Amino acid sequence: MKPSAFTRAALLVYGIAILAFLYLPLVSVGFASVSKGRYLSFPIRRYATGWYGEAMASDTVRDLLFVSLKVAGIVTVLSVVIGFFGALAFARYNWRFRKTYQKLILLPIFFPQTVLGLALLMWFNAIGVIPSWKTAIIAHMVWIAPIATLIISIRAYSFDPALEEAARDMGAGTWTTLREVTIPLLMPGIVSAGLFAFLLSWGNFPLSLFTTGADSTLPEWLYAKMVSGYSPLVPTVGILTVAASATLLAVGLTVPWVLKLVKRKTAA
Amino acid sequence: MSDTTPILRINALTKTFNEFTALHAIDLKVHDGEFLAIVGPSGSGKTTLIRLLVGMDEPSDGSIWLRDQRIDEMPANKRPTCMVFQSLALFPHMTVGQNIEFPLKLRKVAPEDRKARALELLDLLRLPQDYYSKRIDQCSGGERQRVALARALAFDPEILFFDEPLSALDYRLRKALEKELKDLHARTGKTFIYITHSLEEAMVMSDRIAIMRAGRFEQIAPAEEIYARPVSRFVAEFMGEVNLFPIRAGQAEGVTLSPAAASAFGGATGTLMVRPESLQFLEGEEHAELTFAGRIEAEYMLGSRVQYTVTLEGGQTLIAEVLRENAMPGGPGTPVRLGCAAAACHLIAEA
Ligand SMILES: Nc1ncnc2c1ncn2[C@@H]1O[C@H](COP(=O)(O)OP(=O)(O)OP(=O)(O)O)[C@@H](O)[C@H]1O
Ligand SMILES: [Mg+2]
């Protein structure tokens, strides 16, 4: 069915309204970061990019960046490894209580993260672990590893177990089968899971707030500065944080596509 | 042939899944270079058997011997056997060439030698050389079939197993590939063990046929023997349209036996099998060794032959197939008499 002119116009307006709703606040943060004044007011009288220079030079920002990167990087690697084997265990083997276990494992995704963070903090205290960026990794894992497992599972369920059997039949051992067949076929899932894991950890605030102790990640610092000590450095760092996410996302989405194109070219 | 050591020997092989027994202590011997077809209805245990033989599953009991070596404890990747899967299991992330070279790569064969062998195999399977760099999803069903075969041949197994590899193809392609497979068997001299649920397919290709029923072998024999002398009603009916008449103390209802035929069956009890093509129309008061009388119910053209469904006087249905030049004019409703020789019939001892 072809939509009528009216429907099409309505859809267009609706689409633009949604995009505006999603992205205008971000744009205003962008404006704030280039405003020379201390507080954002429209129209912006004088523009300045000085805050970006300041952000780059700041030791605080560099430390924050380092903690955030460290946490997100380690969470990504661990989540992907756990997700990979978890997905195989769910998709390949039929064991007792598999379905129940699968649901239990996914449950933390739907818990309010503040409650999860608080629970973990209490637990760390109880066993005498001092919260730091290391405990934040554990907290992030509780929430992100299930998501990574879920993403890789979708891929694992859709692939024919006969492919692995065929590899074994032709002489491949467990490790060779994994390297030659399983990993390459799950690769798209592994890449998406890694991307998700990194971005979710990078942008996470509630879990970090409770579990980083004396350390601080970028989102935590942004919140703290918003509450007290605001300067245009806050929107600047905010924009940089979002820009990093967007860049990673763009790279993550285009690289597989480019690789596919290259492969097709060389194969033809 | 039978006095040499068989390439494969199975002793009392049993497989149970929880409570259910899929294979009941079966025995089998396969000779070197043989083409054996295993035929049976769905769920009879064909796939289960083949998975035990290649090492994908473990038997619950019994033993498997490859020549003089017991192999049922050997892991799948160490066995010199290879299987062509029903789904073919071609690796979608590799090209045709990479698929064929896969077993060679695992054996660390040098890349140039691998490629040379892959091209040779493409040739053997009548695929153009430029398919070497094609992706699997660019190949048609029949081409994939050949790639899977080429890959299995690259592995160079002692025994090549097939699990209904042609079942997904259309009729004409399947017929063509059946012949090619038989030809390939002759050219490679390998031992082929082929699963199918089509007896017709098995007849075209194989030296011997093993008929499977509910986890047991019902009959293992060359095609002609299965065709002419099935051991049970199950085997007879599996082959398609046959006429089966219960026979008690030499008397079969619906059939008039000549004195000679009556003495030939000598008071036997069992089932009398009469193939549609052994029947001929009788003229006038002519009698055959076995005579049937009834009315034509329907007639079907089968090309060079005509098939008739005849309702006998006793109410039974008889299927007859005659050459076109011997067809009966008249069509449905015509009263007819048909006959056949006792030697063309087969007595199945089982009731
Ligand atoms: N993993 C399993 N667990 C439980 N039962 C099984 C399993 N595999 C097979 N079976 C049972 O064993 C019986 C034989 O199955 P099998 O797959 O060998 O049949 P088949 O002859 O290959 O049939 P088809 O022609 O449909 O492929 C079936 O009743 C099936 O339900
Ligand atoms: Mg099967």
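Backbone N, Cα and C define each Cβ position, glycine as well.
Taken from TrEMBL as is:
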DOMAIN    A:65-252  domain 'ABC transmembrane type-1'
TRANSMEM  A:12-34  transmembrane segment
TRANSMEM  A:71-93  transmembrane segment
TRANSMEM  A:105-124  transmembrane segment
TRANSMEM  A:136-157  transmembrane segment
TRANSMEM  A:178-200  transmembrane segment
TRANSMEM  A:233-259  transmembrane segment
Q: Taking the transmembrane segment (A:178-200) as the first stretch and the transmembrane segment (A:71-93) as the second, find out whether 3 or more Cβ pairs fall under 8 Å, excluding pairs closer than 6 in sequence.
A: yes
Q | Cβ-Cβ under 8 Å with the transmembrane segment (A:105-124): same-chain residues at least 6 beyond its ends | A | 86, 130-131, 135, 138-139, 142-143, 146-147, 149-150, 204, 206-211
Q | Intrachain neighbours beyond the transmembrane segment (A:136-157), with Cβ under 8 angstroms and 6 or more residues off its ends | A | 71, 74-75, 78-80, 82-84, 86-88, 90-92, 105-106, 108-109, 113, 116-117, 120, 185-186, 188-190, 192-194, 196-197, 200-201, 204, 207-208, 210-212, 215, 217
Q.
Quick test of the contact rule: Cβ under 8 Å, at least six residues beyond the ends. What residues does that give for the transmembrane segment (A:71-93)?
A. 102, 105, 133, 136-137, 140-141, 144-145, 147-153, 155-157, 161, 182, 186, 189-190, 193-194, 197-198, 201-202, 208, 217
